[in-house]
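Scroll down for the structure; my scribbles are underneath it.
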Number of protein chains: 2
Amino acid sequence: MSDAARPITVHDPTLRDGHHAVRHQLGREQLRAYAAAADAARVPVVEVGHGNGLGASSLQVGRARLADDEMLSVVREALAHSKMAVFMLPGWGSAKDLRRAVGHGADLVRIGTHCTEADLAERHLGELRADGVEAHGVLLMSHMAEPDRLAEECVKLVGYGACGVGILDSSGHYLPADVTARIAAIRAAVDVPVMFHGHNNLGMAVANSVAAADAGAHIIDACARGFGAGAGNTQLEVVVPVLERLGYRTGIDLYKLLDAADIAERELMPAPPTIDSVAVVSGLSGVFSGFKARVLDISRREGVDPRDVFFELGRRQAVAGQEDLIVDVAAALAAKD
Amino acid sequence: MSDAARPITVHDPTLRDGHHAVRHQLGREQLRAYAAAADAARVPVVEVGHGNGLGASSLQVGRARLADDEMLSVVREALAHSKMAVFMLPGWGSAKDLRRAVGHGADLVRIGTHCTEADLAERHLGELRADGVEAHGVLLMSHMAEPDRLAEECVKLVGYGACGVGILDSSGHYLPADVTARIAAIRAAVDVPVMFHGHNNLGMAVANSVAAADAGAHIIDACARGFGAGAGNTQLEVVVPVLERLGYRTGIDLYKLLDAADIAERELMPAPPTIDSVAVVSGLSGVFSGFKARVLDISRREGVDPRDVFFELGRRQAVAGQEDLIVDVAAALAAKD
């Protein structure tokens, strides 16, 4: 493969993205046990927090069992080698949340925005940069923008102060060639490390992550057993040995990583994520899997096929926050029947 | 992608390979429900039987709940459009088993051998050909042979009478480039349809199947929800829309396929397969996942790490039937400690 022996930084959001799968209910001992195991395996970065990031715990998206401060304190204490990362979506979290997280020892801050709205990260990235904090800007639902547009948004993020950029395949829509085109465009446009974060709706999370690395990505996100919303994320203990076999260096101890994944399966989750039929449709239609419960509910009420609703939402380019569209789409489909 | 709009025949061994995951205990109503659903979705071929094929039900590899004849009768009755296929490993099954299966309406017979032992299929393929039965020869543990050797074995199979050939990634070891090289070599050597059968130990079953199609494979094996031994097979209802998105034609109805997969998850399996740590090691080491229980057992007794045992078995090129090697390897590792 290209770029043999190139180092790859694996970034592990098990304790943040995985939170979506357990309604943000992880407790202190769970965080401690997994963070310590990931640290022992020398996973370079461990991200922690509410699934929607700092400050997001709320009735609307779910109250976390622990406050942000508690999560950060527990994980900070468990990490001797790994960096601790946090995630923040402007609007859900605030500059105050960021300051508190840095105060609790966050080494790396990611500011996430919709893929065409990098400007929402401007102020936060500027302030973090001024404070000397390592801050990255990352783009959600990135399949909704073409490679050139993503590259432009990443150039903006770097201009705002980001010392790393990246794209999330939030709805698990990509096939490898899609990732190759986007990472290559971003690599050609910026000089900072580039990240790829995959979801497994189409069974392609590992292959997409390899495509990202082959296209020049420096940072690969992956979660133990794929622990994450819906069909889950790129499976950490799978992608690491696959990358190593292809000639990349991760610096991670395989046996200790497998041990950490066993701990994650036993301690964090009722069961590892699998790809159910709704996840397939969500991935194909490019609709955020967080819509699932409401789509099923509203479709039942309107007597329409939830799969039709997903595909129509995809055609209308629905994004998180536009849950009202579900009702419109379902009603329109019902009227057509 | 290459070969856009090329037809692909999807072959569905859910009711045969999936049997491994439930100790061959599927009952009549389970077979009937899934076969009818796959038929309704227009899955071209439905394979049924004991996990190890015709005649394999035994104390050694597990007694099936139903006799071969019963399984075939139930599935035959449920299929209006799909072909019914059976699988046979010479030694486990006999010419008599094949004749009975054909008598029960099997449309397609696969004879499987270890990847370097095509000659064991000679007599059976010849007899089936003489009887006018559609018979394919398929090579197990195919990662243990180089592309050229696999091509030579496939040429032999065609010479014996096979009107289709293929390779199984029995231990889930392949990455896409490995599949590309092997399918391309086989395509260049024979003029009959070529098949690829993937397992998901390294999270690559879907990507490997796409690589096979892109390299010219005509037949792709896949199971509902990946139902199969260990980490499971290529997930049927995922690979079908992925292939369609890449421009291949499968002739399968997506919604009815998703319904069939839902039925499979509900009726056939305790839970869909996931990739556990042993599956990762089994895939990396290239050792048949059927060794798992004995490796864990013997490793515990000898006080050695089962992962070391797997990797050493891989180095020694252990194949199914060589379970005695496990004891030797574990003892050698214990002595070294």
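Just so you know, glycine gets a Cβ as well, placed from its N, Cα and C.
Annotated features, as they stand in TrEMBL:
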DOMAIN    A:8-258  domain 'Pyruvate carboxyltransferase'
SITE      A:ARG16  site 'Transition state stabilizer'
BINDING   A:ARG16, A:ASP17, A:SER170, A:HIS197  substrate binding site
BINDING   A:ASP17, A:HIS197, A:HIS199  Mn(2+) binding site
ACT_SITE  A:HIS20  active site, proton acceptor
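Feature annotations (TrEMBL) mapped to structure.
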{"residue": "A:ARG16", "record": "site 'Transition state stabilizer'", "DSSP (3 states)": "helix"}
{"residue": "A:SER170", "record": "substrate binding site", "DSSP (3 states)": "coil"}
{"residue": "A:HIS197", "record": "substrate binding site", "DSSP (3 states)": "strand"}
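Calculated from their C-alpha atoms, the gap between the residue listed as 'active site, proton acceptor' and A:HIS199 (Mn(2+) binding site) amounts to 13 Å.
Note: A:ARG16 (site 'Transition state stabilizer') has non-local neighbours A:GLU47, A:VAL48, A:GLY49, A:HIS50, A:GLY51, A:GLY53, A:VAL86, A:PHE87, i.e. same-chain residues 6+ apart with C-beta under 8 A of its own C-beta.
Rounded to the nearest whole angstrom, the C-alpha distance between A:ASP17 (substrate binding site) and A:HIS199 (Mn(2+) binding site) is 10. Taking every pair among A:ARG16, A:ASP17, A:SER170, A:HIS197, the residues listed as contacting substrate, the largest Cα to Cα separation comes to 14 Å. Taken as a whole, the domain 'Pyruvate carboxyltransferase' (A:8-258) shows an average pLDDT of 97 in this prediction. All protein chains considered, the CB of A:HIS20 (active site, proton acceptor) has 22 other CB atoms within 10 Å.
The distance from the Cα of A:SER170 (substrate binding site) to the Cα of A:HIS199 (Mn(2+) binding site) comes to 7 Å. Same-chain residues that are not part of A:ARG16, A:ASP17, A:SER170, A:HIS197 yet have a Cβ within 8 Å of the Cβ center of the substrate site turn out to be A:PRO13, A:PHE87, A:LEU168, A:HIS199, A:ASP221, A:GLY228, A:ALA229, A:ASN233. Each residue in A:PRO13, A:LEU168, A:ASP169, A:SER170, A:GLY198, A:ASP221, A:CYS223, A:GLY228, A:ALA229, A:ASN233, A:THR234 lies on the same chain as A:ASP17, A:HIS197, A:HIS199 and has a C-beta within 8 Å of the C-beta centroid of that Mn(2+) site, without being one of the site residues. Neighbour density for A:SER170 (substrate binding site): within 10 A of its CB lie 27 other CB atoms from the protein chains shown. Around the Cβ of A:ASP17 (substrate binding site), the number of neighbouring Cβ atoms within 10 Å comes to 25. Around A:HIS199 (Mn(2+) binding site), a 10 Å sphere centred on its CB holds 31 further CB atoms from the protein chains shown.
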